[in-house]
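Here's the structure, in structure tokens; my notes come after.
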């Protein structure tokens, strides 16, 4: 019989092994490419800001997702090679040297790997369309059309090349290291994990929270404020810490033995099964934990803004409506006009106020210029008396001092907001002001940025006198009897505002840009105004009802993006768990038979299986949920809406955990039934 005939017979007898490998390569490549097709789509890139936090999060998840998908494929390949070991033994017993055996295996893989990768990339496109349609239909946003992000195929191709290189190298190394005796005892071979040490696991538990704090602290102005690239180093620290934690569970028997010999010997078979399949368990736990963390994190960013929109609006909007007026924008809107439109729409106005806003310039020191890369910044200021009138407070700002008002606590810790040198736009007279205190709130709805400043009345008037007229604006603020029913009033007020700005809507070239960026005024005609243009218009009618309706529809790409990420991660983690559970059932069946011959009853076997399934299901669930919630909390914990995000994160975590418990119970029932049946036969 020729060698080719032997290879064909072996292939036919192990066809299912090849099918599993091909399926895993196709699935891993498809999921990764699909995500790339979305985040590089103009549907997403036209909405998210360049170098913004959302873009950073999306790309970070893209990197984490690539690692998870690659680990998934490598895990399936390790199972493939373990089941191929007998074939390798056949070739070696025929006198074929190792290099030739490697050649035989690589000859098979040179067709399987590229074809499976290409199929995965091709399937990614229809899969992306189907998932996008599914998500948009649920969210009621079918008007948002998906456009193909062709660059995602480039990412998929790079991922495929890396996959082929890794698998080819792993195949070669496996054959070069294996020996006949190892093949004969392949089911008894202990898979040593270099990082499999409970002491390293404790180190990982320390690395994870430190990495999360350091990776997100520059967003909060606490640490590394001028080194944004450093966060990627700390995200790597989180990944390494997570791997150490997952690897440590394979040697939990060592910890049990050091604590209680009685407990160790009582569960010795379970502990040794974990160590016996150490690499498999580590790969599964690490990959699934990563995907579950991504799922929980993405669910928070996807659904909280939608489900908690009214709660968020109540916190972020001090007043129900906010109208900004300047020399050439909204300057025709008078109090009588607002009341007339309100009466027409059966809306009662309360707490009507008008205050002055002054845009000043913060001058940076040379040290700050070197650190932040800018030499001036626009700062929005109000005077003490207006603030007290607006919020019924009684703060006393000392001359030569200021209060900073911010919706981000991290701002209070930034060094550049201690002592501040202010001047009027284009004016050379500079005044050094010292920080008197800070207030954690949203000063004005719709203001540019998160910060505002309260000045002593005399300081305010002095700086106002040295400012150009277009640096002085008026902010109209008022409440209505029921803002949730004020949509008709809002739409008519919005329409009146748009139509009565005769020069058009000023998009660029405000006072600061005119003086410091040499920008001319740039208007958009009312007839050419798109919803996105209106969102970006600095003088739009800001209101709670706008935040929870029209603005939410425009920004729906954000929750859709993260909803897509959550769904992909959920699918990937479910498939990995499914394969691991099936493999555990098949791989350990011989062990169950052997211990039954030694006198173990069904109860003991069920206990071992249940503990294995607990490790497979519950460890990734608990660690993944904790990691996802920790990262989400670290990123939003300094904001006004932190409590809302935290509450929803806990709710999502509870629901996810309940689903996992139900799946665990179902899997346990099926596996126990099959395993006991195999043991009896």
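Just so it is clear, glycine is given a Cβ too, placed from its N, Cα and C backbone atoms.
Curation plays no part in TrEMBL annotations; they are all automatic predictions.
Here is what TrEMBL records for this protein:
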TRANSMEM  20-44  transmembrane segment
TRANSMEM  56-76  transmembrane segment
TRANSMEM  111-135  transmembrane segment
TRANSMEM  147-167  transmembrane segment
TRANSMEM  200-220  transmembrane segment
TRANSMEM  232-256  transmembrane segment
TRANSMEM  283-304  transmembrane segment
TRANSMEM  556-579  transmembrane segment
TRANSMEM  613-635  transmembrane segment
TRANSMEM  647-667  transmembrane segment
Best-contacting stretch, by C-beta pairs under 8 Å, relative to the transmembrane segment (20-44) and drawn from 56-76, 111-135, 232-256, 556-579: 111-135
The transmembrane segment (283-304) vs the transmembrane segment (56-76): 3 or more CB pairs under 8 Å: yes
Recorded stretches the transmembrane segment (111-135) and the transmembrane segment (556-579) touching, at least 3 CB pairs under 8 Å: yes
Contacting positions for the transmembrane segment (232-256) when only residues 6+ beyond its ends and CB under 8 Å are counted: 60, 64, 67, 193, 195-198, 200-208, 210-212, 214-215, 263-264, 267-268, 271-272, 274-275, 277-278, 281-282, 285-286, 289-290, 615, 619, 623, 627, 631
Contact ranking winner - 147-167, 200-220, 556-579 against the transmembrane segment (613-635), Cβ under 8 Å: 200-220
For the transmembrane segment (147-167), sequence-distant contacts whose Cβ falls under 8 Å of one of its Cβ atoms, 6 or more beyond its ends: 25, 28-29, 32-45, 62, 66, 69-70, 73-74, 77, 109, 113-114, 117-118, 120-121, 124-125
